[in-house]
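Following: one structure in structure tokens, then a few remarks.
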Amino acid sequence: MKFICPNIIFIVFLLSTATITSSQSESSETNIISRFQQFLKIKTDHPTPNYKQSSDFLISQAKSLSLQSQTIEHVPGKPLVLLKWTGTSPELPAIMLYSHTDVVPAEHDKWDHPPFDAHLDSEGRIYARGSQDMKCVGMQYLEAVRKLKQWGFQPKRTIYLAFAPDEEIGGHDGAEKFSLSRVFQDLNVGIVLDEGLASPDDYYRAFYAERSPWWLKIKAVGIPGHGAKLYDNSAMENLLKSIEIIRRYRASQFDLIKAGLKADGEVISINMAFLKAGTPSPTGFVMNLQPSEAEAGFDIRVPPTADTESLERRIAEEWAPTWRNMSFTLGQFKQKVSGCDASGKPVVTKTDSSNPWWALLENAVQEAGGKLGKPEIFPASTDARYFRNLGLPAIGFSPMANTPILLHDHNEYLHKDEYLKGIKIYESIIKAYASYDEHVNDERSKDEL
Ligand SMILES: *[C@@H]1O[C@H](CO)[C@@H](O)[C@H](O)[C@H]1NC(C)=O
């Protein structure tokens with residue numbers, strides 16, 4: 001009894017102050033987090049994402065916000081949910097708040113909390129696959145819209161929220177087909193916001209371009225021979241020479257990062273993805289035989305600013321030269337190999353005064369009490385490339401400061417306070433973007449890009 005009495009007093013005290021000060025905001029904060037958790041609990045992990053359930057959830061959110069909604073399926077079973085908040089000047093190019101609903105798979109047994117439970121721990125961390133990549137952003141857009149609507153804000157520009165499928169498997173049936181569709185063209189989009197990355201320090205990160213993946217396979221052929229014989233020009237020897245050269249190049253790029261001279265997105269990264277050689281036997285491989293073929297595969301990421309011609313020359317002359325009896329293929333992204341748009345210009349979104357959306361974002365983040373780091377090149381791929389390829393400005397931004405980068409990792413989490421802060425950041429950005437009513441700059445920035 002001695003212990004119970006003070007507890008009761010404490011609870012009563014809490015309840016009474018809560019009612020006096022901010023019962024509404026208390027409960028709405030709980031609701032905001034609970035809506036985020038609901039979205040996180042939907043199993044949209046590959047290879048069998050439950051898009052039906054996520055679409056239903058998003059459409060119910062749209063209804064509660066009086067947003068128009070539309071479901072677009074370029075490929076059956078792969079819905080893109082498009083929500084619309086019509087502006088008072090609908091002739092102005094629209095704002096697109098873009099996110100993807102799918103997530104990468106999780107190894108459940110390696111997580112401290114099940115990846116689809118959206119467990120909120122006592123520290124305030126919300127654990128879930130997609131908590132950083134990128135269900136957080138999708139829900140933050142919605143919550144920011146909810147707040148703006150509550151305040152009676154009227155957007156001048158029309159605002160679209162797009163929730164797309166399949167980003168994690170390349171976006172071909174999602175963003176790519178959408179970006180090339182008549183529906184998208186008719187939206188008259190002027191600026192796209194897509195995902196960025198968490199940042200371990202105080203500064204939010206924003207991305208204006210991304211590296212293109214080049215998937216390189218090199219193959220060597222040579223005379224087979226006895227495993228005991230030393231001779232030149234075997235397939236293995238020729239392949240290993242290439243691997244040594246590639247490794248030196250990899251180290252030279254990595255050294256630039258280690259020395260702090262370049263950021264992750266600014267170098268050409270190379271990692272070996274596979275090695276394939278040997279003559280199979282019932283117990284493994286034949287050990288006394290030097291094989292006649294040997295192959296290796298590399299994931300290469302090329303920044304849009306890189307000299308791609310010289311890289312292609314390097315591959316042909318040093319990494320897989322025909323005189324060393326080697327050949328190579330560049331994988332499925334070959335057509336995008338240059339990182340350039342149709343007119344041959346690098347696919348980047350300007351971050352200078354020629355792009356008003358950049359300055360608006362910077363100011364809006366600052367006004368909401370956030371700090372923005374130096375604009376960066378995204379080290380991997382996002383759906384933003386499909387919009388940049390059209391010549392549209394697209395900025396990659398996920399407001400998660402003071403957060404370890406855990407996308408695709410075990411125990412991916414986001415702290416609830418960071419999540420809530422991010423909503424305020426988006427309120428500020430959406431307000432600034434939707435109120436911006438210059439015509440001239442739109443056209444100019446589009447042409448320049
Ligand atoms: C390439 O293959 C040819 C034909 O097998 C062989 O004569 C030559 O020595 C090989 N050259 C190298 C560098 O492996």
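Heads up, residue numbers simply count up from 1 along the chain you see.
Placed from the backbone N, Cα and C atoms, the Cβ positions cover glycine too.
Annotation comment: TrEMBL describes 1-23 as signal peptide. Under the heading Zn(2+) 1 binding site, TrEMBL lists H100, D133, E195. Summarising the annotation, TrEMBL assigns active site to D102. The Zn(2+) 2 binding site annotation in TrEMBL covers D133, E168, H408. According to TrEMBL, the active site, proton acceptor annotation covers E167. What TrEMBL lists as domain 'Peptidase M20 dimerisation' is 209-318.
TrEMBL feature annotations superimposed on the structure.
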{"residue": "H100", "record": "Zn(2+) 1 binding site", "contacts (Cβ under 8 Å, 6+ apart)": "M134, G138, F163, A164, P165, D166, E167, E168, G171, G174, A175, E195, D383"}
{"residue": "D102", "record": "active site", "contacts (Cβ under 8 Å, 6+ apart)": "T44, D45, H46, P49, Y51, P165, D166, E167, E168, I169"}
{"residue": "D133", "record": "Zn(2+) 1 binding site", "contacts (Cβ under 8 Å, 6+ apart)": "V103, V104, E195, S398, L407, H408, E412"}
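Comparing Cβ neighbour counts within 10 Å across the recorded positions E167, E168, E195, the minimum falls on E168. Along the domain 'Peptidase M20 dimerisation' (209-318), the predicted structure has mean pLDDT 96. What surrounds the Zn(2+) 1 site, by Cβ distance within 8 Å of the Cβ centroid and not counting H100, D133, E195, is the set S99, M134, V137, E167, E168, D194, T382, D383, S398, L407 from the same chain.
For H408 (Zn(2+) 2 binding site), other Cβ atoms within 10 Å of its Cβ number 15. DSSP assigns H100 (Zn(2+) 1 binding site) to a strand.
In the domain 'Peptidase M20 dimerisation' (209-318), the DSSP tally of helix, strand and coil residues is 38 helix, 39 strand, 33 coil. Within 8 A of the CB centroid of the Zn(2+) 2 site residues D133, E168, H408, the other residues of that chain are V103, V104, G130, M134, L407.
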